[in-house]
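K.L.:
I have a structure here, written as structure tokens, and I will follow up with some questions on it.
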Amino acid sequence: MAVSVLHSWETSVADAINTIYLVFSAYLVFVMQVGFAMLCAGSVRAKSTLNIMLTNVADTVIGAISYYLVGFAFAFGTDGTHSNPFIGTTFFALEDIPNESSYGYPYFLYQWAFAIAAAGIASGSIAERTQFGAYLIFSTFLTGFVYPVVVHWVWSSVGWLSPNSSTPLFGSGAIDFAGSGVVHLVGGVAGLWGSLIEGPRLGRFDVLSGKQLPMRGHNPTLVVLGTFLLWFGWFGFNPGSFTKILVSYPDEAHEDAGNWTGVGRTAVITMLAGSTSSLVTLFGHRMLVGHWDVMDACNGLLGGLVSITSGCSVVEPWAAIFCGFCSAWVLIGLNALAVRLGFDDPLEAAQLHGGCGAWGLIFTGFFAKEEFVIQVYDSGSIGVTRPFGLLMGGGWRLVGAQLVELAAIVMWVSITIAPLFYFLYKMKLLRIPVDEELAGLDISCHGGYAYINRVEPEDNHHHLDLLFPESDATYRLIQAEQHS
């Protein structure tokens, strides 16, 4: 009797500690929304600050309702007997939550924080030119349907890409521990389509020569603040994805090991990848343009964090440094390509989250360590074998699963989000009118400005003669608007 009571007490204590760990991780991920808001505000021009801040608020509150009603169900719903590997079918409006066999409220809270992060990524790509009503439609659709389906594929125990499936793809499943693909690639591809269909901001490129014109964010201070808040939240994003900290590994060679050791290692690896990428981006930009740029250093840091998010729990620290080094050049290269192609993304979100997220998936396929893979996905079970990184001697199966996940996400987001944006565009519901864009979304859509003493050094009004011919009626309208 005493033994039974002691065991019950130990189980209750372990459950309480694991719950505290998960809820605290959810709080950290939620803090990332503040980081997104600050980063976005600092990266746009002053005349659109209120608008971009409101989109971040909208992502949070819309995501709460849509994820509660249908998103969590599509992501994790199973009926126990006829589970669908493509989409969840139960738990709508959190029916039957909590339950002893699967999920509770803390897990929902944690997953909601991830969902709103995916929507926040895309908001930066279409900033300064999007009608707010169109953005509300997009945010609801992404958090309520598009993103949860991808979550089901990879993170649900019955998903067709899940490493926890009873029949994992290629005997491995895709390892995307905290979401380089599930979160960041989804948001990056969604933002890519939005920006492509809307086109660049007025004045971003010279229509005669095609050269880019200066249009930098108005407040580097907010960018740095937002970056540090995001980095802080990432320690809930990556280590928190263990969801339980009191899980011991039965491996006799690691008697004192458990999820608590994996959590610490994952946090260090997250830090190393982000730091390396920031340094390489800083020096790379210095070599290319001749000056030190704090905003590029911040974006480089975020690119490294995005890349390591997939494999943060299954790679060695030295591999994290390599991941960060490569992610910096992925970001630099994609930014150069974007300029050459006339692609305008005010926050480099498509390049950063899409490009670096894709690299993170590929990187994991090459560098995942067998010991860590077994610890994370089989709780360190003795005698278990799993495919692991190609360059670590594990063969091609994990690389194949990672590439399948990458292709599947790009295709799924493209066939769902691109038609939505195109429909809104054709209905003239997507992009704001020219005169309102030149005036700024704050005054034209939100009734005021973010700053009392508003200074906009780069309104680009002096480039209007390059944007519109003298005989164009639009040009005359804009000129009249400026002088009124």
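Note that Cβ sites are derived from N, Cα and C of the backbone, with glycine treated the same way.
These numbers come from a predicted model, not from an experiment.
From TrEMBL, for reference:
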| type | residues | note |
| --- | --- | --- |
| TRANSMEM | 20-41 | transmembrane segment |
| DOMAIN | 22-451 | domain 'Ammonium transporter AmtB-like' |
| TRANSMEM | 53-76 | transmembrane segment |
| TRANSMEM | 108-127 | transmembrane segment |
| TRANSMEM | 134-155 | transmembrane segment |
| TRANSMEM | 175-196 | transmembrane segment |
| TRANSMEM | 217-237 | transmembrane segment |
| TRANSMEM | 318-338 | transmembrane segment |
| TRANSMEM | 406-425 | transmembrane segment |
K.L.:
Grab the pLDDT values for the domain 'Ammonium transporter AmtB-like' (22-451) and give me their mean, rounded.
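P.N.:
PLDDT averaged over the stretch: 93.
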K.L.:
Sort out the residues at least 6 away from either end of the transmembrane segment (175-196), same chain, that have Cβ-Cβ distances under 8 Å to it, and list them.
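P.N.:
The answer is 114, 117-126, 130, 138, 142, 146-147, 150-151, 154-155, 163, 237-238, 240-241, 306-314, 343-345, 349-358, 360-361, 364-365, 368, 373, 376-377, 398, 401-402, 405-406, 409-410, 413-414, 417-418, 421.
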K.L.:
Counting Cβ pairs under 8 Å that sit 6 or more residues apart, are there three or more between the transmembrane segment (20-41) and the transmembrane segment (406-425)?
P.N.:
no
K.L.:
Same chain, outside the transmembrane segment (134-155) by at least 6, Cβ under 8 Å from its Cβ: which residues?
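P.N.:
Same-chain contacts beyond the flanks: 55, 58-59, 62-63, 66-67, 69-76, 85-88, 111, 114-116, 118-119, 122-123, 126, 161-162, 174, 176, 181-183, 186, 190, 194, 405, 408-409, 412-413, 416-417, 420-421, 424, 429-430.
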K.L.:
Report, as numbers and ranges, which residues of the same chain sit near the transmembrane segment (108-127): CB under 8 Å and 6 or more residues beyond its ends.
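P.N.:
That would be 22-23, 25-26, 29-30, 32-33, 36, 39-40, 43-44, 48, 51-52, 55-56, 59-60, 62-64, 67-68, 71-72, 75-76, 94, 97, 135, 138-139, 142-143, 147-148, 151, 179, 182-184, 186-188, 190-192, 194-195, 198, 237, 240, 243, 345-350, 353.
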K.L.:
Apart from its near flanks, which chain residues at least 6 from the ends of the transmembrane segment (53-76) lie with a Cβ under 8 angstroms of it?
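P.N.:
Sequence-distant neighbours of the transmembrane segment (53-76): 33, 36-37, 40-41, 87-94, 97, 102-103, 108, 111-112, 115-116, 119-120, 123, 127, 132, 135-136, 139-140, 143-145, 147-149, 151-152, 155-156, 446, 450.
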K.L.:
Is the transmembrane segment (406-425) packed against any residues at least 6 beyond its ends, judged by a Cβ distance under 8 Å, and which are they?
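P.N.:
Result: 134, 137-138, 141-142, 145-146, 149-150, 153, 161, 181-182, 185-186, 189-190, 193-194, 197-198, 358, 361-362, 431.
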